[in-house]
Amino acid sequence: MQLGVCYYPEQWPRAMWADDAKRMAELGITHVRIAEFAWSRMEPRAGEFAWQWLDEAVETLAAAGLKLVLGTPSASPPKWLIDAHPDVLPVRADGTRWNFGSRRHYDISSETYRRECVRIVAAMAQRYGRHPAIVAWQTDNELGCHETVPSYSAAALARFHAWLRQRYETIGSLNERWGNVFWSMEYPSFEAIGLPNLTPTDANPIHLLDFRRFMSDEVASFHREQIDVLREHAPAADLLHNFMGFFTTFDHYRFAKDNALDVAAWDSYPIARTESIALPEEQKARYARTAHPDVSAFDHDRYRAIGAGRFWVMEQQAGPVNWAPWNPVPARGMVRLWAYEAFAHGAELVSYFRWRQCPYAQEQMHSGLNLPNNELSPGGLEVQQAAREIANCAALSKLGKPARAATAVVFDYETQWMFEIQRHGKTFDYQTLVFDYYEALRELGLDVDIVSSRADLSAYRLVVVPSLAVIDDAFVDQIERSSAQWVFGPRSGSKTDAFAIPGNLPPGALQRVLPMQVLEVETLRPTLTPALSIDGTEGTALHWREHVRANRETRVVAQFDDAWPAVVALGTVRYVAGWLSHALHRTVLQQAASDAGIETQLLPDGLRVRRRDGLSFAFNFGAQPVHAPAPANATFVLGQARLNSGDVCAWQDA
Ligand code: GAL
């Protein structure tokens, strides 16, 4: 369990650096990330490098015993670069360009910009790549943030043509696969294809999907160019990127694999995230100061898989932020709790954003571990407490890797893209559906791995697939070989790879193990509420419902009040034919867990648990004191069973 901080020496007088470094070390911080936005100071004019300040900053921090994470500055190209190459600015869907004057103002497909990035990264890496204090490099910053991907530029179009040519080989095959006979959309050549923006009504969904697939590959290949340079000059360092929470613009599994990342890092702003995602208003209100109990855990569990077991929190909320619709001060204890929560889910490092609140420019309303006058902030005091607790407890400071959970939730980026392109009803959102299932599993006290549909699923006892748009034979092979319980949600197997309805109707290839067919689907305005009850739990379908025909051997486990099947099952496979109200999802999962021999326990409101390396952690996100589900004779290494709001405890497993 190590603590870090994000620091911007270029924003403060040099006279402060040594004292900052000393105070960081005294606080218990081991890692400091620097430089990811400092291009204009590293290279004030084209080709003219000014390393002296950065040398001094690196040496000052290293002299205090701190380990460094050095950021490449490609998220903030300086003005001279934009003036020399204005076509580096990205193009929005409406055809206009973003301006200079903030950050992320670059087109990921611009060959000029790609060259410029390789140049600055090579210059940095040659200078600092073998510095013993620099243990890791962060590439760029939050790829895709601020909606700068996709870019609808001429550069993107040219590269899209090449991408399509490689995928389809002939224009005839593209026309066929895309179904371009519809509305006379047939193209005479690859060059004749445009980008899927500015069409009077919907563009062809497969055109939109292929553009998203292409853009996802663009992000990975843009990034790969930096990785190749860093591998050469910084062979011993960990290479990572700081991803975002709830962010699906590119396929993170493929990105991490294509880039051979050592660690998946992500930026965790739980309160701001709770405010900005599609949660019921009642939950946003309830968790306004603690954040929703699953909102960080969801991404901890996702990035653990993306990093093949190794993940860091590169930026952790340290107090109120500046960018959500509302930005409250966190409840007392949360800044400390979020660190333990990340560790319990397997994080190696939790690094707070930022060392000191900056009194000027865009983020002056964003807190840090210090107030602008250099006093420790309330969040800084909580980090001090956590650092002391960890230092004084051997069981906490040396945690081993988290074990594989018994339960997996499959999350799939392409499914997100397909159902965004074709929501069919305005309230259908795939990631929100996945989150609903995940939340239910966590309310039942379970540890969860979030994994790709291409992962090896053979060791899990319960596999939950809230939906998976394309189900191929390889996936069904996994089901046939496994002894797990499988739960599928609506829209599973509803599309082919070419964004069409499978010839044998949904759920496509899943019919091999679950003979049933989806005849019609409907989205539900809030006044349409097909009701049902499962095992005494009452509820309705929301957002989405299917009319399913179950074949003779398939069991109808539950049905709606209008007699359409709601849950059908055969052997170890269940299919849920709608988006059900939350308590019903939980009931279905509880039954499946019980069939899988996994013990569940419904936790009190706001309480969550997580196990790692012989320790069980419990966290209270609720407003009321609760008791952690520890055995009566448990040995606590942190806190005690009674948890006030915002408190955490940990005990040794028997
Ligand atoms: C992140 C970003 C940081 C900072 C922070 C503020 O998205 O990486 O540079 O802007 O948000 O919360």
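These residue numbers are counts, starting from 1, taken along the chain as shown.
In case you wondered, yes, glycine gets a Cβ from its N, Cα and C as well.
Here the Cβ of Glu142 (active site, proton donor) has 19 other Cβ atoms within 10 Å, regardless of which shown protein chain they belong to. The active site, proton donor annotation in TrEMBL covers Glu142.
The active site, nucleophile annotation in TrEMBL covers Glu315. Glu315 (active site, nucleophile) falls within a strand when secondary structure is assigned with DSSP.
Counting Cβ atoms from all protein chains shown, Trp323 (substrate binding site) has 13 others lying within 10 Å of its own Cβ. The substrate binding site annotation in TrEMBL covers Arg103, Asn141, Trp323.
If you look up TrEMBL, you'll see 6-392 marked as domain 'Glycoside hydrolase family 42 N-terminal'.
TrEMBL lists 405-598 with the feature domain 'Beta-galactosidase trimerisation'.
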For the recorded positions Arg103, Glu315, the one whose C-beta sees the most other C-beta atoms within 10 angstroms: Glu315
Long-range Cβ environment of Asn141 (substrate binding site), under 8 Å and at least 6 residues apart: Glu36, Phe37, Gly71, Ala75, Ser76, Arg103, Arg104, Asn242
Integer average pLDDT (0 to 100) for the domain 'Glycoside hydrolase family 42 N-terminal' (6-392): 97
Between Trp323 (substrate binding site) and Glu315 (active site, nucleophile): CA-CA distance (Å): 15
